[in-house]
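Now, the feature entries from Swiss-Prot:
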type: BINDING; residues: Gly7, Thr8, Glu9, Gly10, Val11, Gly12, Lys13, Thr14; note: ATP binding site
Amino acid sequence: MFISFEGTEGVGKTTLIRKIHQHFEEQGKQVVLTREPGGTPLAEQIRSMLLAVNHNENMSHDTELLLIYAARAQHLQQVILPALESNKIVLSDRFTDASFAYQCSGRGLSQDKLQLLNQNFVSSMPEVTFWLDAPIELGMNRARERGALDRFEQEKLSFFTKVREGYETLWKAEPERIKRLDATQSPDQVFEQALQYLA
């Protein structure tokens, strides 16, 4: 089983993933916990490039998208596909939906570019995607409380409003796969809501 977790900054994805990871392990199931961009040493290096705040050079939107897919291709080949072939449960903090929400909806890149990359480099999709949804201001306040903001977290509220709209578009288009979770609830309540979709 392949499960991904999506949402804007500070909505509690990491907390939910840990709870679901523990839930499956208590059932004796083998679980692989991973994230995007990242998940392998090479992909984590790409992640560092993507998140770094560079005051000397602005990363172009196309470069950002291609770096994310370079990391994703490595992640799929080295982590996700081998785990699924071994009948392990894969829990991924973000996957392709994040690229639609952030790069297409947020940055304004063409969906055709994303579709071309998905067709050529993405051979497996999650069976279930949890979209943790909360007001942008709430999530950003939580992100600020964590400390220094990365390159994405420093974006304006208007950017994250577009990102959230992107997630909403996906949710409405694929309600069977994408499950919206009310991230204004307590972490335990969000976890209980998620479990209902995994029963």
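One-based numbering along the chain as shown.
Glycine is treated like the rest: Cβ placed from N, Cα and C.
Neighbour density around each Cβ, counted as other Cβ atoms within 10 Å, peaks among the binding-site residues Gly7, Gly10, Gly12 at Gly7.
Compute the center of the Cβ atoms of Gly7, Thr8, Glu9, Gly10, Val11, Gly12, Lys13, Thr14, which mark the site for ATP; besides them, the chain residues with Cβ within 8 Å of that center are Leu132, Ala134, Gly139, Arg142, Ala143, Ala183.
With all protein chains in the displayed structure included, the most crowded Cβ environment within 10 Å among the binding-site residues Thr8, Lys13 is that of Thr8. Sequence-distant contacts of Thr14 (ATP binding site), defined as residues of its own chain at least six apart whose C-beta falls under 8 angstroms from its C-beta, comprise Asp93. Using a 10 Å Cβ-Cβ cutoff, Glu9 (ATP binding site) registers 19 neighbours.
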